Structures are given as structure tokens and as C-alpha cells.
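Quick look at what TrEMBL annotates:
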- 23-288: domain 'NADH:quinone oxidoreductase/Mrp antiporter transmembrane' (DOMAIN)
- 290-343: domain 'NADH dehydrogenase subunit 2 C-terminal' (DOMAIN)
- 5-21: transmembrane segment (TRANSMEM)
- 56-75: transmembrane segment (TRANSMEM)
- 95-115: transmembrane segment (TRANSMEM)
- 152-171: transmembrane segment (TRANSMEM)
- 178-196: transmembrane segment (TRANSMEM)
- 202-222: transmembrane segment (TRANSMEM)
- 242-261: transmembrane segment (TRANSMEM)
- 281-304: transmembrane segment (TRANSMEM)
- 325-345: transmembrane segment (TRANSMEM)
Amino acid sequence: MNPQANLIFIISLLLGTTITISSNHWIMAWTGLEINTLAILPLISKSHHPRAIEAATKYFLTQSAASALVLFSSMTNAWHTGQWDITQLTHPTSSLILTSAIAMKLGLVPFHFWFPEVLQGSPLTTGLLLSTIMKLPPIALLYMTSHSLNPTLLTTLAILSTALGGWMGLNQTQIRKVLAFSSISHLGWMAIIIVYNPKLTLLNFYLYAMMTATIFLTLNTIKVLKLSTLMTAWTKIPSLNAMLLLTFLSLAGLPPLTGFLPKWLIIQELTKQDMAPAATLISLLSLLSLFFYLRLAYCTTITLPPHTTNHMKQWRTNKSTSTMIAILTTMSIMLLPISPMILTIV
């Protein structure tokens, strides 16, 4: 793609995200979401492969439907209350429609079908944008309306997302699909706590985005898309692969890595809100996703492929790892000891 066109799309993405998260009026928030959708479409379909075109079409249709629902929800609320302010979403029907629209935007169960397919059809860099920055505006809208959302509905969606995200990721061999189901599972953790402690949702999202960015950038550096190629990629940059192993385990939420922090705080908050059964259930369901993270970690560094003619060892590269990956990897692994400081900032 032309670098100037690429720059315009990236700036439009940042502009759309900024407009949505800084707006007070529903129409401005909707405008930001539309700019975002239109800016990411060329980035998804830039390879001109049939799968990329299919991914762009699916993305466009689902996001258009979700944006229409956001607009319908805000108009219903304005009709009943006379308010266009995002924080004044008080009508129950409006909040129900909005929850469905945001679930569709994010890819929460039962509106999750588009997300793995779109991620699979996109390049790794676009997949990184879809998994991180594109989820920020809908989560910001949930954050601003969290006081008027239905806790029962969100808890149901969250538990279903964690269950299906873990379950459907078990038999995948494409790494982008595994990361898509991992994203659905993490969104379940964010959705369950948004009504009770919205700041924890934001903290969870920031840490998830950081760990996912590390994984996507690392995979882009070693040029790996499938589990079978991940097994033979350790000869390229062995030290980076060792760090990738730890980042996968951190994303799984194992102590003493960074990913354990949001899970620990969310379970603690749910217990304080007398929701111990929900906390127990979501913790047990996250063991499903732990299985496929362990499989990815195993393929990354521990498994040597059978010595057949199919598996060619790859040459070790001399180019140095980028500073960005080094910083992100360090933060994805080692932030747990400074969690009191992180909590004072958040």
C-alpha cells in the first residue's frame, strides 16, 4: 500500500478513536465509530486476497449494524428523556439495545462470530489494531454508561464469552484465530466487572492491549502465522522466542507475571460484591484458555519438531530486535511487583 494512504488511514483511526472517547454527545460518539470503521477497512483488505476481502465485508456489515443500533439506542433515550448526553442514558430499553450494540462492536458472545474470521483474513499489523485500538471506543462508551447498564445481562454475556472463548480456541492451528478467541475470553473478564468497578475494566484493557501488542509484534518479526511454523521459528531469534513464551503465560494470567494482576483484582472485587459463584465460575472457565496458551507456549520454545524432510530449520537473523518489542515484553512480564503503584495511578 502507498505509504501516504497508509498514514492517512492510521491518522483517521486515531482521530475516530479520539472523537469517540472525548465526546459527550451521542452523535459525535457515533461519528467517531464510523470514521474508525471506514479507516480500518482498507487496512484489512489491502492484500487483495479473497479471504481478506471476505474479512473486510464481514467487518463492514457487523460494524454497520452495531453503529445503527448505537444510534437507535441514543434516539430512543432522547425520545423518552430529552437527553443526548452519553452519561444520561437512563431508559432501560435504550441501555439494553446499547449493550447489544457494544457487544457486537467488541465481539462478545453471542455476537462473536465475525471476529475470528476477520482476524484470520487480516495481516498481523491490522490484526493488532483490530484487537487493541479498535476496542477502545466501545469500551469507553461502556465505561461512560456503566452506571445504567443491566448487571445480570452483562454477567451472562461475560461468562458465556469466557466459556466460548476458551472452548473454541482449543482446536485451532492458526495463531490469529487463537488470539481472536483469547480476545473474546478477555472481554468476558472486562464485561463482568464494568458495572461494579469500571476502572478495573480499563486497567484490564490496558494490560491486555499491551500483552497482545507484544505478541503480534513478535509474531510479525519472526513471520509466523501457524502453529507448525511456530515450532521451527525458534532458530531465528531464540531469545525473542523465550520472551514470547513468558508473554503467552502472562496473557494466560499466571502469577508472578503481569497478566495475573487484573484477574486477581477482578476476583477480589466480585467477592466483595457478593458474587463469589460468578467469580468461581469465570476463574474455572479461564482454565480452558490456559490450555491453549500452554500449547502455544509449548510450541514456541519447548517442542522440537520431528526430523523429517518437511521441517527445514530456519536461518538465525542478525538484525536486532526493535526497542518497542523489548519495552513491551518487559512490561508484559514484570509489572506485578509494582501493582500498588499502578493502582494509585488508576
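Every residue gets a Cβ built from N, Cα and C, even glycine.
Cβ atoms under 8 Å from those of the transmembrane segment (56-75) belong to residues 26-27, 29-30, 33-34, 37, 40-41, 44-45, 84, 89, 94-95, 97-98, 100-102, 104-105, 111, 114, 117-118, 121, 141 of the same chain, restricted to positions at least 6 beyond its ends. Nonlocal intrachain contacts for the transmembrane segment (152-171), taken as residues 6+ away from its ends with a CB within less than 8 angstroms of a stretch CB, comprise 96, 99, 103, 108-110, 112, 116, 177-178, 181-192, 194-195, 275, 278, 281-282, 285-292. Averaged across the domain 'NADH dehydrogenase subunit 2 C-terminal' (290-343), pLDDT in this predicted model comes to 82. Proximity of distant same-chain residues to the transmembrane segment (5-21), defined by a Cβ-Cβ separation under 8 Å and at least 6 residues beyond the stretch ends, is recorded for 28-29, 31-40, 42-43, 129, 133-134, 136-137, 140-141.
Of the ranges 178-196, 242-261, 325-345, the one with the most Cβ pairs under 8 Å to the transmembrane segment (202-222) is 242-261. Of the candidate ranges 178-196, 242-261, 281-304, 242-261 contributes the most Cβ pairs within a distance under 8 Å of the transmembrane segment (325-345).
Below 8 angstroms of C-beta separation, residues 158-159, 162-163, 165-167, 169-170, 172, 175, 178, 181-182, 185, 188-189, 192, 227, 230-231, 234, 241-242, 244-245, 248-249, 251-254, 263, 267, 270 of the same chain, each at least six residues beyond the ends of the transmembrane segment (281-304), sit close to that stretch.
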